[in-house]
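For reference, TrEMBL has these:
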type	residues	note
BINDING	D13, E15, D191	Mg(2+) binding site
BINDING	S127, S128, K164	substrate binding site
Amino acid sequence: MASSGQPKVVLLDIEGTVCPISFVKDVLFPYALSALPATLEAQWDEPEFSQYRDAFPAEHASSQEALTAHVKDLMSRDVKIAYLKSLQGYLWESGYKSGELKAPLFDDVAPKFVQWKEAGEEIMIYSSGSVAAQKLLFKHTNGQPADLIPEISDFFDTVNAGPKQEASSYQTILAAHPEFPEANSWLFLSDNVKEVEAAKQAGMQSFVVERPGNAELSAEDREKHRVIKTFAEI
C-alpha cells in the first residue's frame, strides 16, 4: 500500500470486472459479426476502412469473403489479436453512437469511480480490447454519469502494454507513469487469476474480482489472493 493506506493508481480490467463477461460474448461479439457484411460491402475500398483491412494478413485481406471467414474463425475461438480487436472497435462505434449498444456496468462501478477521484486516486484501464474499444465502452455506459471518460487517466491494451498474463506488461505500464514510481502504490483489479499473479510479480497490489458469470475460483486461488465481490469492499 501507499503510505496513506490507499493506492495512488487503480488499474482496472474490463470484462468480468467492471461489466459482465456476457456483455462481450453475448452482445458485442454478435453485434460485430452482424455489422461486418454491410460494412465490408459499403466501405471495402474506402480510405477510412483500409487501415483496418490492411492490418489483416494478406491472405485474409484479399477479399471480403476471406476477411469475413477469418474474422468468424478468430471470434469463434476468442483469439485476442490486435488487428481483430481494432476492427471490432470500429464496428462497435456506430452501435454505441446510435444508442443500440450501452455498457452495463455493475452497480458499484460508477459510484466508486467518483469516490476514487474525490480521494485523489488515478483510474486507468488495462484490457485485451483495443484502446479505441475501451474508450467507446466507458463513454457509453448505463452508469451515472454515463460517460466515465473524464474520470480515466490512461488506457492500456496488448499493443501498448503487452500480454496481460506477463509481468513485463505491468512493468511497461509502470514505466509509462514515472510520477507513480512505487509499484506497490498501484492496485490492479481483474477476474483473471493469472493476470493478478502477473501484476503481483511486477510489484503491484492486485485483487481477484468475483462477479456473477465469472469462472469459478479454486480453493487455492481464494487462499492465495484477496477476492472481492464488489468495489465497495475496497
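Placement of Cβ uses the backbone N, Cα and C atoms for every residue, glycine included.
Curation does not apply to TrEMBL; its annotations are automatic.
Since this is a predicted model, take the numbers as computed values, not measurements.
S127 (substrate binding site) sits 5 Å from D13 (Mg(2+) binding site), taking the Cα positions as reference.
Other C-beta atoms found within 10 angstroms of the C-beta of D191 (Mg(2+) binding site) number 22, with every protein chain shown included. Residue with the densest Cβ environment among the binding-site residues S127, S128: S127, by other Cβ atoms within 10 Å. Sequence-distant neighbours of K164 (substrate binding site) (same chain, 6+ apart, CB under 8 A from its CB) are D13, Y126, S127, S128, T158, S190, N192, E195, A198. Around the Cβ of E15 (Mg(2+) binding site), the same chain contributes I21, F23, V24, S127, S128, G129, D191, each under 8 angstroms and 6 or more positions distant in sequence. D13 (Mg(2+) binding site): 21 other CB atoms within 10 A of its CB, across all protein chains. Using the Cβ center of S127, S128, K164 for substrate, the list of other same-chain residues with Cβ within 8 Å runs, in sequence order, D13, I14, E15, K80, Y126, G129, D157, T158, E195.
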